[in-house]
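Down below is the structure, laid out as structure tokens.
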Amino acid sequence: MNTESALTPRSLRDTRRMNMFVSVAAAVAGLLFGLDIGVIAGALPFITDHFVLTSRLQEWVVSSMMLGAAIGALFNGWLSFRLGRKYSLMAGAILFVLGSIGSAFATSVEMLIAARVVLGIAVGIASYTAPLYLSEMASENVRGKMISMYQLMVTLGIVLAFLSDTAFSYS
């Protein structure tokens, strides 16, 4: 049975608004996920020069975000159950902001690694919760499109990060 045929014009409009809000929120989460994955490739030479990093510390700077992502994804099942999907995504958004600020203003390599772990936790939360929230909130006729949009935005974020890496490499 098609559920939209039983909806009033007002409830249909509200459903469409909710679908739009959910798709934009998931697209932003996917874009941030992709940007955070790709941006380190172009930033690493500058970070290495600034902090005079050994190859071991370079590895830690790069991999610390993935460590955080594993932690975030591992504990996000519990978090999204306790807080709910929406508040779990909000917690991830706050961590994205804190991790980005910490990365931008890091005065030591240890501070940078810690900030990247925080960013990774945000990535773990977003990569777990955004598709789950999408699948629960979207109406069945657009659910697949929204999940695909999330994946597309992750890829677009990576591409944009690489393009910005290229632009900054010539400066």
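Numbering starts at 1 and runs along the chain as it is shown here.
Placement of Cβ uses the backbone N, Cα and C atoms for every residue, glycine included.
Predicted automatically and left uncurated, TrEMBL annotations should be read as such.
Sequence annotations record features per position, and here TrEMBL assigns transmembrane segment to 21-48 (among others). Within the same chain, residues 58, 61-62, 65, 89, 92-93, 96, 109, 112, 116, 119-120, 122-123, 126-127, 129-131, 133-134, 137-138, 142, 146, 149-162, 164-166, 168-169 sit at least 6 positions outside the transmembrane segment (21-48) and bring their C-beta atoms closer than 8 Å to a C-beta of that stretch.
Taking H, G and I as helix, E and B as strand and the rest as coil, DSSP gives the domain 'Major facilitator superfamily (MFS) profile' (22-171) the counts 135 helix, 0 strand, 15 coil. Annotation source TrEMBL lists domain 'Major facilitator superfamily (MFS) profile' at 22-171.
Outside the transmembrane segment (60-81) by six or more residues, the chain places 36-37, 40, 44, 47, 53, 88, 91-92, 95, 109, 112-114, 116-125, 127-129, 132 with a CB less than 8 A from a CB of the stretch. Residues or ranges marked as transmembrane segment in TrEMBL: 60-81 (among others).
Residues or ranges marked as transmembrane segment by TrEMBL: 88-107 (among others). Sequence-distant contacts of the transmembrane segment (88-107), counting only residues of its own chain at least 6 positions beyond either end whose CB sits under 8 Å from a CB of the stretch, comprise 25, 29, 32, 36, 72, 76, 79-80, 114-122, 125-126, 129-130, 133.
The transmembrane segment feature in TrEMBL is assigned to 113-134 (among others). Among residues of the same chain six or more beyond the transmembrane segment (113-134), those with a C-beta under 8 A of the stretch's C-beta atoms are 22-23, 25-26, 29-30, 32-33, 36-37, 40, 60-61, 64-74, 76-77, 79-80, 85-86, 88-89, 91-93, 95-96, 98-103, 106, 143, 146-147, 150.
Same-chain neighbours of the transmembrane segment (146-164): 19, 22-23, 26-39, 41-42, 130-131, 134-135, 138, counting only residues six or more beyond its ends whose CB sits under 8 Å from a CB of the stretch. For 146-164 (among others), the entry in TrEMBL reads transmembrane segment.
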